[in-house]
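What follows is a set of notes on a single structure, which appears directly below.
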């Protein structure tokens with residue numbers, strides 16, 4: 001068996017913490033200087049391109065120490081309904097800005113989207129389909145933690 005040769009210069013080059021890209025634009029881009037008008041202008045760009053939707057589900061039963069996502073650790077399942085109510089308001093407010101764009105991808109991210117029960121998952125999917133033009137063959141994915 002051949003011996004592993006470590007490139008010390010390469011190790012030292014990358015031996016530091018880097019940024020975590022858990023969203024785009026990154027969370028730091030959203031601040032008091034980013035206005036609703038900025039959002040509307042950004043939404044109007046590239047009207048011919050298909051749209052990808054990301055839905056953040058922040059709920060988890062327990063804390064995973066590796067996770068850097070925005071999360072709510074709770075066993076109070078009623079909080080999901082409150083969150084979905086607010087999410088529905090946001091979707092209804094923002095969806096008209098994208099009315100002529102076909103949704104080809106939907107991704108549910110963490111916390112743990114599997115925290116939602118079957119009815120809540122169906123409710124969320126119905127919200128998206130009712131407010132966006134979702135392609136029949138859209139790629140739909142969900143993050144999960146067994």
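Residue numbers in this text run from 1 along the chain shown.
Placed from the backbone N, Cα and C atoms, the Cβ positions cover glycine too.
Taken from Swiss-Prot, the feature S-adenosyl-L-methionine 1 binding site applies to 54, 143. When other Cβ atoms within 10 Å of the Cβ of residue 54 (S-adenosyl-L-methionine 1 binding site) are tallied across all protein chains shown, the result is 11. In the three-state DSSP reading, residue 54 (S-adenosyl-L-methionine 1 binding site) counts as strand.
Here Swiss-Prot flags 60, 64, 67 as [4Fe-4S] cluster binding site. Within 10 Å of the C-beta of residue 60 ([4Fe-4S] cluster binding site) we count 19 further C-beta atoms, all protein chains included.
Per Swiss-Prot, S-adenosyl-L-methionine 2 binding site is recorded for 66, 111, 112, and the stated evidence type is similarity to another entry. Reduced to three states, the DSSP call for residue 112 (S-adenosyl-L-methionine 2 binding site) is coil.
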